Amino acid sequence: MASEFDLIARYFTRPAPAGMLGVGDDCALFPAPAGMHIATSTDLLIQGRHFFPDVDPAALGHKALAVNLSDLAAMGARPIGCVLGLALPQASESWLAGFAQGFHGLADRHGCPLMGGDTTRSPHDLAISVTVFGAVAPERALRRDAARAGDDIWVSGALGAADVAYRLLDGQLPADPQRLAATRRALEWPEPRVALGQALGGLARAAIDISDGLLQDLAHVLEASGVGAHLAYETLPVAPALRGLPAATVSRAVLGGGDVYELCFTAAPGDRERVRAAAAAAGVPVTPIGRVDPRPGIVVADADGRPLADLPRGFDHFLAS
Ligand code: ADP
Ligand code: MG
């Protein structure tokens, strides 16, 4: 096995952008943008919990950074850079080359260079920790506690594909190679909504990225804001790749499925056209799916306005009676 330092030099050392000190010193250095706050977030990915052991290493490198960029997006922050902690059971060079390619590919597209990290041999499974740094003007930050009764609730992109791909790979759904081919990219190569998040800064009120499922993540916003929500089920943007699946599979994937990395946000009804324009400028579709209610709890209503009874299990404690 190559030494830790060889591996760092080969796969994780990139020329630092002008004005930054990157890999190679005790700390990375980057200028704090004038008048802005630093936004920072960490996500930890553990083999067997967050990814399958045989996942494509390039997809894993991409996703390890994507889930963190998604947090910056949900705050309305512009990426500055990131650091990477790796615990490796063994150091296969082809694995590292793939991982680095996926990681740097996404980092380059979002101007979020790898500035440092830590690499150790793991006696057990693979673990990956990424920390991102970004910049946001505090008055434009999209906080979870900023939703107000009467706001529209919006979601970007489409819902459900990642959950279906996960359940196909995990054997929870009957094997269906065509369906897997149509949904797998959503699970393994999520596209963080960084441009949309920044376009919504100072325009939307509250925002969150959907990592654990629409209902659960929306509930975090509602609880932080002291409000509730009414969602119209038939307005939810269902991923086209789910067409033909049983209704219960679809509703579970759309309402409860995780790993989505779309943004769920609220905005004043008077700002509907500005939201649409911001989303169009960012090149991301957005859909209004309901409104913020003064009463706590989430109601999901069918086309006739009747509350859905069988919402995904595990979310019952967020629901109004
Ligand atoms: P220290 O002993 O000061 O923690 P290390 O020997 O762990 O330094 O790391 C040497 C340099 O390589 C540091 O600049 C560190 O940030 C960087 N580094 C280590 N592992 C990684 C990694 N996985 N990705 C990016 N940079 C890394
Ligand atoms: Mg170290």
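Including glycine, each Cβ sits where the backbone N, Cα and C put it.
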Which of Asp209, Asp212, Asp217 belongs with Asp26, Asp71 in the Mg(2+) 3 site listed by TrEMBL: Asp209
Maximal Cα-Cα distance (Å) across residues annotated as binding ATP, namely Gly117, Asp118, Arg144, Ser211: 31
Composition by DSSP (helix, strand, coil) of residues within the domain 'PurM-like N-terminal' (24-136): 36 helix, 43 strand, 34 coil
Close-lying binding-site residues around ligand 1 among Asp26, Thr42, Gly117, Asp118, Asp212, Asp259, where CB distance stays under 6 Å: Asp26, Gly117, Asp118
Helix, strand and coil counts within the domain 'PurM-like C-terminal' (193-300) (DSSP): 49 helix, 26 strand, 33 coil
Residues that sit under 8 angstroms from Arg144 (ATP binding site) by C-beta distance, when 6+ apart in the chain: Ala206, Ala207, Ile208, His220, Val221, Ala224, Ser225
Integer Cα-Cα distance in angstrom, Asp71 (Mg(2+) 4 binding site) to Ser211 (ATP binding site): 10
Distant-in-sequence Cβ neighbours of Ser211 (ATP binding site), under 8 Å, six or more positions away: Val67, Ser70, Asp217, Gly258, Asp259, Val260, Tyr261
